[in-house]
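The annotation active site, nucleophile is assigned in TrEMBL to CYS13. Taken from TrEMBL, the feature [4Fe-4S] cluster binding site covers CYS276, CYS422, CYS491, CYS494. Residues or ranges marked as Mg(2+) binding site by TrEMBL: SER323, ASP385, ASP386. Feature annotation from TrEMBL assigns domain 'Glutamine amidotransferase type-2' to 13-257.
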Amino acid sequence: MSEFEESGIGEECGVFGCVAAGEWPTQLEVAQVLTLGLVALQHRGQESAGIVTSNGVNPPTYNTLKGMGLVNNAFPPEDLLKLRYGNLGIGHTRYSTTGISELQNCQPFVVDTLHGKIAVAHNGELVNAAALRKKVMRHGVGLSTSSDSELITQLLALTPPMEELDAPDWVARIKNLMHETPTSYSLLVMYTDVIYAIRDPYGNRPLSIGRLVPISKLHTADTEGWVVSSESCSFQSIGAKYYREVMPGEIVQISKHGVKSLSIVPRPEGDLPAFCIFEYVYFARPDSIFEGQMVYTVRQRCGRQLAIEAPTEADVVSTVPESATPAALGYAEQSGLPYVEVLCKNRYVGRTFIQPNTRLRQLGVAKKFGALTDNFAGKRVVLVDDSIVRGNTIAPIIKLLKEAGATEVHIRVASPPIRFPCYMGINIPTKEELIANRPEFKDIAGYIGATSVQYLSVEGLVSAVQGGIPSLQKDERINTNTKASRRVGHCTACLTGKYPVELECVNLNPTLTKEVPLGAYLVTVWVPGARPHLDK
């Protein structure tokens, strides 16, 4: 059980899309592919799920299925049959960081535009949502939900100034959206017979493309369809091969004819990409690939770096099951100590970090561990975890190990202390709740009952993440005329307080803020000396 699980920290959403290749109507069961893809992304959101499919003709017929809870509960088999004639579709699994937990906020959103229906699925959180809401409403557009994602849908529906009345220019509309808001979003936009896959210019949220191959010909060049997903971990379960990532700022068109890079919207000059570093630390599944490297391998490197920075005299290394296991293995390898299991987890209690309200999360703390006493009684234990957020979870585990015979318990944390809120799609407790900002942090070992506690440094984390990124060669599949799109950078705002863009604060008193231009954007920022309320 990771401290993340019990702290209420969670990823916002997962998006998934599928387009059948070749002649339509297709024999590919697009709705089933979408469902399996979302199941593989279930760790990114358990609050609600939705699918929209289209037959791809003009005008298209859209079929929508939405429900609360897990994917398998939200999509009963008899309801999925209603979507079986789709040739393409997009899906979404949600955990809300903005918007209340209701079916009306469930994505994908479908709206009518001047040129027909579009469907939109969004992962992320807009940093200037309040200003955008005002702008949309000034155009006379009402908003029926409290979700950022509806804002995106309505902005896409607005006609750009240079667009011809009878010829929709979706690339221009998408670019217009990207110039309105700098981050954070990975988007799927379905229109008639294509899906547009988009990442914001900072690349804060992930998005990958896969190629569906016939099950009987897994090593063939034949293509049954194309899929696009928040994480590549969903590809293997549906018989897809990893193709490539969508680059920061890139607009990719996916159709039955294949994948085409249309454009890249650059960041302001000098700005690095800002891919969320906590995708590597915790949120992503370990078998996902980002920036040419597997998440599992990065976590192992974090453990090795942690052993270099925070060695200790001990007998065995172990972990709090199970997201920190790769880091613990890396620590053991680097330190030359044996790795053993000291805790047995009740695997029939579900993950709780992603539950949508505090009460349900608190009930989830009742998860139980058993102590594997024979592995550590009379020994000094290094226990590696991926975080200490509030300190509520690790203290009872330390007590359990000591009562079961551990002579010492040294806590090593494979990420730096979290000190700041996130406004880009991660639900982090209030600044006051974070243990790193409380007086107890000065003696955190005494507070949680450990022999010692040490964290991985920010520099060590960045080094472990970036040290394995292969050199970025020119990729002919990507339409880019800027070197900036190939640069490497990661968002560490929750660790350092250095956000990649200026922010509009949540729940601020209007007298403490002002609207200022940021390049092409209008954002709300703190007035110097003001004391904003940072609760999310």
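Quick reminder: no glycine exception, Cβ is built from N, Cα and C everywhere.
The structure, with features from TrEMBL marked on it.
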residue: CYS13; record: active site, nucleophile; contacts (Cβ under 8 Å, 6+ apart): ARG44, GLY45, HIS92, THR93, ARG94, TYR95, GLN107, ALA121, HIS122, ASN123, GLY124, SER230, GLY425
residue: CYS276; record: [4Fe-4S] cluster binding site; contacts (Cβ under 8 Å, 6+ apart): ASN204, ARG205, PHE283, MET424, GLY425, ILE426, HIS490, CYS491
residue: CYS494; record: [4Fe-4S] cluster binding site; contacts (Cβ under 8 Å, 6+ apart): PHE278, ILE418, ARG419, PHE420, PRO421, CYS422, ILE426, ILE428
Ask   = Apart from CYS276, CYS422, CYS491, CYS494, which residues in this chain have a Cβ no more than 8 Å from the mean position of the Cβ atoms of those residues at the [4Fe-4S] cluster site?
value = ASN204, ILE277, PHE278, MET424, GLY425, ILE426, THR492, ALA493
Key: Mean of the pLDDT scores, which run from 0 to 100, over the domain 'Glutamine amidotransferase type-2' (13-257)   = 91
Inquiry  = For each of ASP385, ASP386, count the other CB atoms within 10 A of its CB; which of these binding-site residues has the top count?
reply    = ASP386
Request  = Taking the Cβ of CYS491 ([4Fe-4S] cluster binding site) as the centre, count every other Cβ atom within 10 Å, in any protein chain shown.
outcome  = 27
